[in-house]
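Now, the feature entries from Swiss-Prot:
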{"type": "ACT_SITE", "residues": "Glu9", "note": "active site"}
{"type": "BINDING", "residues": "His8, His12, His18", "note": "Zn(2+) binding site"}
{"type": "DISULFID", "residues": "Cys24-Cys53", "note": "disulfide bond"}
{"type": "DISULFID", "residues": "Cys95-Cys117", "note": "disulfide bond"}
{"type": "DISULFID", "residues": "Cys106-Cys127", "note": "disulfide bond"}
{"type": "DISULFID", "residues": "Cys112-Cys146", "note": "disulfide bond"}
{"type": "DISULFID", "residues": "Cys140-Cys151", "note": "disulfide bond"}
{"type": "DOMAIN", "residues": "1-74", "note": "domain 'Peptidase M12B'"}
{"type": "DOMAIN", "residues": "83-164", "note": "domain 'Disintegrin'"}
{"type": "DOMAIN", "residues": "165-205", "note": "domain 'TSP type-1'"}
{"type": "CARBOHYD", "residues": "Asn96", "note": "N-linked glycosylation site"}
{"type": "CARBOHYD", "residues": "Trp168", "note": "C-linked glycosylation site"}
{"type": "CARBOHYD", "residues": "Trp171", "note": "C-linked glycosylation site"}
{"type": "CARBOHYD", "residues": "Ser180", "note": "O-linked glycosylation site"}
Amino acid sequence: HAAFTVAHEIGHLLGLSHDDSKFCEENFGSTEDKRLMSSILTSIDASKPWSKCTSATITEFLDDGHGNCLLDLPRKQIPGPEELPGQTYDASQQCNLTFGPEYSVCPGMDVCARLWCAVVRQGQMVCLTKKLPAVEGTPCGKGRICLQGKCVDKTKKKYYSTSSHGNWGSWGSWGQCSRSCGGGVQFAYRHCNNPAPKNNGRYCTGK
């Protein structure tokens, strides 16, 4: 959840509005739910995290050269930890950090798909979730860990951690014109999903 919040706030720094803002609704129509720039972050649709409003706004921002400062190389590279976060904090500890020390893992749930945390209230077990999976590397069975939302044999960690660069998919069809009379615009979209970048692989460049 922290990663989504950080991405959301960076979006504001880059000039992005909330998806339900007046600007987005006037220019791109009805609000799209479960996107990173939603005014309330609950769950994110990982297959399409950015709304049309966000995609168009950030594209215009970068095309105008306002993002050139992001190209500066860091003075010093700070290597990340070799261990996955779930190897440091198991599912029970994640429940403690998310909800409080009295919480434990809700039994019978697939923590790799969604982490449910249990607490006893008035003699009954209650399970709560932030609608997010346990972090990468969380133990999910004997010799198994969570990787990309699945419970897999931990020997496959190298396969899941191998980088691959993204490549553009096919263009979609043109959308409706933004105006019925006079000058307007039409949009067509393609996605960086052929394949999608993985494990710090480069995102597609160009338009």
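Cβ coordinates come from backbone N, Cα and C, glycine included.
This view paints the features noted in Swiss-Prot onto the structure.
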residue: His8; record: Zn(2+) binding site; DSSP (3 states): helix
residue: His18; record: Zn(2+) binding site; DSSP (3 states): coil
residue: Cys24; record: disulfide bond; DSSP (3 states): helix
residue: Cys53; record: disulfide bond; DSSP (3 states): helix
residue: Cys112; record: disulfide bond; DSSP (3 states): coil
residue: Cys127; record: disulfide bond; DSSP (3 states): strand
residue: Cys146; record: disulfide bond; DSSP (3 states): strand
residue: Ser180; record: O-linked glycosylation site; DSSP (3 states): coil
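Within 10 Å of the C-beta of the residue listed as 'active site' there are 11 other C-beta atoms, taking all protein chains into account. Excluding His8, His12, His18 themselves, the residues of that chain whose CB lies within 8 A of the CB mean position for the Zn(2+) site are, in sequence, Glu9, Gly11, Leu16, Ser17, Leu36, Met37, Ser39. In the structure shown, across all protein chains, Trp168 is the one of the glycosylation sites Trp168, Trp171 with the greatest number of other Cβ atoms within 10 Å.
Minimal Cβ crowding within 10 Å, among the disulfide-bonded residues Cys24, Cys53, Cys127, Cys140, Cys146, is found at Cys127.
On a Cα basis, Cys146 (disulfide bond) lies 31 Å away from His12 (Zn(2+) binding site).
Nearest Cα neighbour of Cys140 (disulfide bond) among the listed recorded positions (His8, Asn96, Cys117, Trp171, Ser180): Cys117. For the domain 'Disintegrin' (83-164), the mean pLDDT of the prediction comes to 92. The CA atom of Cys106 (disulfide bond) is located 31 Å away from the CA atom of the residue listed as 'active site'. The least crowded of the glycosylation sites Asn96, Ser180, judged by other CB atoms within 10 A of its own CB, is Ser180.
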